[in-house]
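Residues or ranges marked as domain 'PDEase' in TrEMBL: 288-630. Summarising the annotation, TrEMBL assigns AMP binding site to His365, Asn366, Ser367, Thr368, His369, Asp406, Asp536, Gln588. Positions annotated as active site, proton donor by TrEMBL: His365. If you look up TrEMBL, you'll see His369, His405, Asp406, Asp536 marked as Zn(2+) 1 binding site. Positions annotated as Zn(2+) 2 binding site by TrEMBL: Asp406. Here TrEMBL flags 642-660 as compositional bias 'Polar residues'.
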Amino acid sequence: MGKELELNSVHKASMEVMVETLGATAWCAEILQARAAAASMRAQVGAVAALAAAADRCRDLVAITDDQQRILLTNKSWCRVVGWRPEDGPRPLAETVSGEALRLAASGVRDWEAPVLIRRRAAPDPVLLPCRGSAVSLNKSTSHIVFVCEPSNAIESERARSSLHSIRRGSLDVRSIASDGLRRTSLAKLQGLPLEAPITKVISLLSAATEGAPPSTVACIDRAVDMLRTSELYSPQMREDPKMRAEDPIATDLIGALLSQGATNVLSSRRSSNDSTVVRSQANRTNMKHKTTGQLREVLDTALNWDFEIFRLEDLTRGRPLTHLGLTLMGGRFDVCTTLECDEKTLLHWLTVIETNYHAVNTYHNSTHAADVLQAVAFFLEKDRLKMLLEPLEAAAALIAAAAHDIDHPGTSSAFLCNSRHSLAILYNDVSVLESHHAALTFKLTLNDDRVNIFKNLDRETYKTLRHNIIDMILATEMTKHFEHLAKFVNVFYAKSSGSKEDGMHTDEPLSLDTTALTSSENVVLVKRMMIKCADVSNASRPQKFAFEWARRIAEEYFLQTDEEKAKDLPVVMPMFDRATCSIPRSQIGFIDYIIIDMMEAWAAFIDMPELVTHARNNHQRWRELDEAGVTTIADVKRAQRQNAIQSTPNTTSQPTAEE
């Protein structure tokens, strides 16, 4: 092309010289001058072609507009990222680019640097890139705008998918010998991975929103971005508030203990709870269901009542309530055998083995507690919203998780196991120790014996789904994750106000339930977690006589742990549960205030069960009355309850209990 241009120029010049020039010397000078001009023009054309080729091959995204702000020319990087093809022709700049960069380009500024949001054809979310721009004027007004954008992590990830060599090449950079080179090379590798978290997109969009915003808005957004950069978005921390601790030390210490995993300190001589795990034979277990007659039958007939007599069932079954209640609910009302394609005999064997591996010596975490949680889950499953929401397999998973959620509980907390360097804490790395053990042992016992394997007839995918559901729900009972699960549930299913107490923008308007989120499977998982969590701590939302008995039992178990910690010179996880100084009413008041009320209000509105909150508030009021009356110990509580029972039924003659 350049050669033709030169020949054409010389030919044209020759014609002009022959016509206009009189002398031969002048004619030769004109010819030489024309030839030199053509050579210079050819060099310039070549330089422009080289510049275009370089721009086309560079990593930066380059786009050039015409005088009407239409994208006229782009390089390969721009085309690959945006999805724009040269054959598509010119397109308006505003269709692809937005943000501060577009505003500056339209304002006539000659040069600028600003972030730009680029919309891509194949991706729903725009990508935020740093951009340098320049306005070029070939006449009096701006004729072209040049955009040069640096590729970000998201762009590099797309390059990584198409070329593994581009990732490996960075690791051979000689600059990696220096520390700064190592850092840059490592970052390049990370940016080259085909990974991008949704939270990084959120942070990018929020950062883009600060451009041109008022200072107050920018400050709020910056603060929100700082919070989003943390890894535990829903995990709360106890506020260091001396006033709060001084006014209510029992409540704050209790919550702090529930949220604590504990630290390792002194070696414990306590035998592993796993050592006691055995599958004991039961001679008459196949005849167990035939014994549900008379009084036992009457109690089991009320298994779906919220005032179910769980302690009467415990007495009638001689401390084996889980098997009987499990057969009634799982084998009868919910027909788990059909869902799992197993026979009732296998279910009976499974319930027997699970109950055998609960520790009857525990005052609280025993098979009666497991039966109580199973009954609460079954009651919740009967609510219309959950009936419509959960499939039979999910309901079966919830009932199985409830029955086994505390299996082989040693009667001490995970924090105690960590502090004593217990074998289970070593096995599970001090993380979710008890809950991990409960879930793992459930499947170990079930799969080890065909006679108890209620999963043996399930296909691979169904078993995988069921197993995932059971494990997820058992792990959800970990109290250290209580506020995390509650916050997620509330944030998903309830409309939120536009401010917070800390910002002075909080309103006291009640939250409104939003069920549109139930279309997402991830949100259904939150419902199942909330269901078993509420069932696990439903004691305070039961009628008063049940709530008070459970409070006595849990307090005694905590007292025993504190006694053992002191005897072995271990850190005392719950110092308020010292049997010599503890106030049972105050501990329950704090538990209801900090744990129960908010959770039960959210759950009660979701399943339309207001009595959950009513019972909790009534129990809270009664505990306050006892506290004001000077009641503190377990014996005092039992005595007050006994007097209350006598007053409510004056014609009934009551005898002292063995414990009194």
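In case you wondered, yes, glycine gets a Cβ from its N, Cα and C as well.
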Taking the Cβ of His369 (AMP binding site) as reference, which residues of that chain separated by at least 6 in sequence fall under 8 Å from it? Asp406
Can you check which residue among the binding-site residues His365, His405 has the largest number of Cβ atoms within 10 Å of its own? His405
For the recorded Zn(2+) 1 site, enumerate neighbouring residues of the same chain (Cβ within 8 Å of the Cβ centroid of His369, His405, Asp406, Asp536, site residues themselves excluded), in sequence order. His365, Ala370, Val373, Ala402, His409, Thr477
Counting across all protein chains shown, how many other Cβ atoms sit within 10 Å of the Cβ of Asp406 (AMP binding site)? 24
How long is the line from the C-alpha of Asn366 (AMP binding site) to the C-alpha of His405 (Zn(2+) 1 binding site), rounded to the nearest angstrom? 11
Same-chain residues at least 6 positions away from Ser367 (AMP binding site) with a Cβ under 8 Å from its Cβ, in sequence order, are Gly319, Arg320, Pro321, Leu322, Glu355, Tyr358, Ala360
What's the most sparsely packed of the binding-site residues Asn366, Gln588, counting other C-beta atoms within 10 A? Asn366
Looking only at the domain 'PDEase' (288-630), report the model's average pLDDT. 91
Under a criterion of Cβ-Cβ distance under 8 Å and sequence separation of at least 6, what residues of the same chain contact Thr368 (AMP binding site)? Ile310, Phe311, Glu314, Gly319, Pro321, Leu322
A correct count of other C-beta atoms within 10 Å of the C-beta of Asp536 (AMP binding site) gives 23
Pairwise C-alpha maximum, in angstrom, for the residues (His365, Asn366, Ser367, Thr368, His369, Asp406, Asp536, Gln588) that bind AMP according to the record: 23
Could you measure between Asp536 (AMP binding site) and His405 (Zn(2+) 1 binding site) for me? Cα positions, answer in whole angstrom. 9
